[in-house]
Every structure is written in structure tokens, then in C-alpha cells.
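Per TrEMBL, the features are as follows:
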- 1-52: domain 'PapC-like C-terminal' (DOMAIN)
């Protein structure tokens, strides 16, 4: 899966978390060109990506 925000790939090293019912069930790291490999993602889960050093940016995908 390739993740983007505002039309640009997420930065290399961004943290991705998959949560369901408010609990983080899996996580991963974004590779080049916004590519992330996720396994066993439930259909009703929520994906959140975080990046940045001082004030983290974030994006959510349902």
C-alpha cells in the first residue's frame, strides 16, 4: 500500500499504527515513496500515520 497526504507520499520513516476499537493492534514504518507493508488489517480498523520531529503531523485513514 502507498500512503500519501495532500498529494505527496508520506516521508520515509513515518510511523503507521492500525487500531480497532481504540486499541493499537499493529504498527509499521513507511518506506520509500510512501510504501508500507501491512498484514492482517481488519475491515473495520483505522490507520493513523505520524511524522515530524517537534510537532508531529498526522493523517487518518478509515
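Cβ atoms are placed via backbone N, Cα and C, with glycine included.
Since the structure is predicted, the reported quantities are computational estimates derived from the model, not experimental observations.
Over the domain 'PapC-like C-terminal' (1-52), the average per-residue pLDDT in this prediction is 91. Mapped onto DSSP classes, the domain 'PapC-like C-terminal' (1-52) shows 3 helix, 25 strand, 24 coil.
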